[in-house]
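*Asks:* From TrEMBL, for reference:
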REGION    1-192  region 'Phosphopantothenoylcysteine decarboxylase'
DOMAIN    8-173  domain 'Flavoprotein'
DOMAIN    189-414  domain 'DNA/pantothenate metabolism flavoprotein C-terminal'
REGION    193-421  region 'Phosphopantothenate--cysteine ligase'
BINDING   Asp282, Lys292, Pro311, Asp312, Ile313, Leu314, Phe335, Lys353, Lys357  CTP binding site
Amino acid sequence: MESDTSRNIVVGVAGGIAAYKACHLVRNFTEHGDRVRVVPTSAALNFVGAATFEALSGQPVSTTVFDAVDEVAHVRIGQEADGIVIAPATADLIARIASGRADDLLSATVLVATCPIVVASAMHTEMWLNPATQANVATLRSRGIVVLEPAHGRLTGKDSGAGRLLEPEQIASLSREVFNGSTLPHTWSGKKVLITAGGTQENLDPVRYLGNRSSGQQGFALAEIAAQRGAEVSIIAANTDRLPTPAGAKITSVRSARDMLSAVIEQAPQQDIIIMAAAVADYRPHYEADMKLKKGKDDSALGTLALTENPDILRHVVKMRDQGSLNPEAVIVGFAAETGDEHHSAEELAVAKLARKGCDLLMCNEVGEGKVFGQPLNSGVLLLRGEDPAAPVRRTITQGSKLSVAIQILDAIDGLGHCQN
Ligand code: C5P
């Protein structure tokens with residue numbers, strides 16, 4: 001996919017075993033039409049050779065300020081950059097940036113740059129959690145550098161925990177949002193966020209089901225941004241595409257609406273923010289056959305498929321809050337995938353739905369052939385319940401990637417006031 005305007009992107013690479021993932025990151029940017037300059041530390045070249053980075057970027061690679069002195073590379077690269085992303089960033093590099101060092105080409109480039117900078121760290125959990133590193137990360141953030149929360153999972157060797165490098169496509173897509181102007185504020189540390197994602201499947205027999213086209217991308221994008229704001233994120237995922245796990249998120253996999261309801265009932269009481277982005281089947285087959293329905297033999301059952309209404313999970317969660325079994329301050333967000341009908345626009349139907357469901361915000365998007373489900377872009381209108389449920393406050397969600405839509409929705413939640421630290 002080509003971006004609207006191609007940009008000068010610097011990919012900084014520090015000396016960690018995850019340096020190999022930087023190759024995919026470089027590829028990702030060049031495939032979007034960006035010009036990429038790779039600036040590794042000398043330690044990074046112990047893991048990936050300069051020739052690989054030169055071939056992938058089509059640009060020369062240097063680690064020191066003493067190469068290309070006539071071109072004044074140590075300031076020119078930083079001055080010309082539209083965005084810098086460092087992946088992986090080690091504890092040592094983060095410390096050097098925090099103390100304003102300029103003892104190699106990468107740190108000098110960062111010191112010169114005035115463009116958005118993203119730092120994706122990779123290190124052992126102990127190093128990441130060490131107060132020295134955390135203080136350095138806080139310093140970088142206070143200067144407007146976006147330090148991404150690392151993934152949790154397998155690290156080099158046998159151990160596993162926080163400190164794993166995010167997947168290259170996660171780093172690239174988050175970086176693009178930052179290069180487009182998002183600051184990804186780290187304001188939700190200590191907050192607990194529950195997100196439902198994907199589409200439920202309702203069994204008809206052991207091989208067939210009633211389902212829908214939801215891929216789970218929007219729910220995962222919301223989880224990604226909530227995690228990058230520092231929240232503790234739980235996702236209840238129904239039949240989602242193979243999507244990378246947002247940093248530190250816990251995933252509970254479910255299949256049907258009733259499975260989802262049980263998981264939500266169990267996890268909702270601990271949450272500060274609950275976002276129901278899943279497409280839940282309103283009905284399920286009344287009878288679920290134990291054995292595969294046979295052509296010829298069971299035709300009568302297939303001809304008149306009896307359905308039973310599923311529980312409305314969003315309504316249930318609102319009731320739980322009304323009855324005092326949730327945090328009374330919990331913010332509840334619903335989604336309305338509407339097509340509109342002969343009498344009402346999609347938005348009019350969503351206004352009625354907000355009042356009916358009783359949630360605090362409702363994200364309304366128009367769906368239909370080729371729109372939203374499984375597509376990279378989304379847009380719509382966010383309705384915020386005010387004094388009069390029939391006249392909610394309306395905020396346009398401008399068209400963009402699902403991450404961009406997630407950023408706009410989470411910013412609106414912040415705007416409610418009682419959610420900010
Ligand atoms: O009623 P409708 O399906 O249009 O409502 C959409 C919103 O309600 C979404 O937030 C969805 O996750 C939620 N929902 C639910 N349980 C259902 C149906 C929808 O929680 N049975």
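The first residue you see is number 1, and the count goes up from there.
Including glycine, each Cβ sits where the backbone N, Cα and C put it.
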*Asks:* Near the Cβ of Pro311 (CTP binding site), how many other Cβ atoms are there if near means within 10 Å?
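*Replies:* A 10 Å sphere around the Cβ of Pro311 (CTP binding site) contains 15 other Cβ atoms.
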*Asks:* Per the record, CTP is bound by Asp282, Lys292, Pro311, Asp312, Ile313, Leu314, Phe335, Lys353, Lys357: how many Å separate the farthest pair of Cα atoms?
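*Replies:* If we measure all Cα pairs in Asp282, Lys292, Pro311, Asp312, Ile313, Leu314, Phe335, Lys353, Lys357, the largest is 37 Å.
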*Asks:* Over all shown protein chains, what is the count of other CB atoms within 10 A of the CB belonging to Lys357 (CTP binding site)?
*Replies:* 20
*Asks:* Within the chain of Ile313 (CTP binding site), which residues six or more apart in sequence place their C-beta under 8 angstroms from its C-beta?
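*Replies:* Long-range Cβ contacts: Thr196, Ala257, Met260, Leu261, Val264, Met276, Val280.
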*Asks:* Looking only at Cβ atoms, how many others are within 10 Å of the one on Asp282 (CTP binding site)?
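*Replies:* Asp282 (CTP binding site): 13 neighbouring Cβ atoms within 10 Å.
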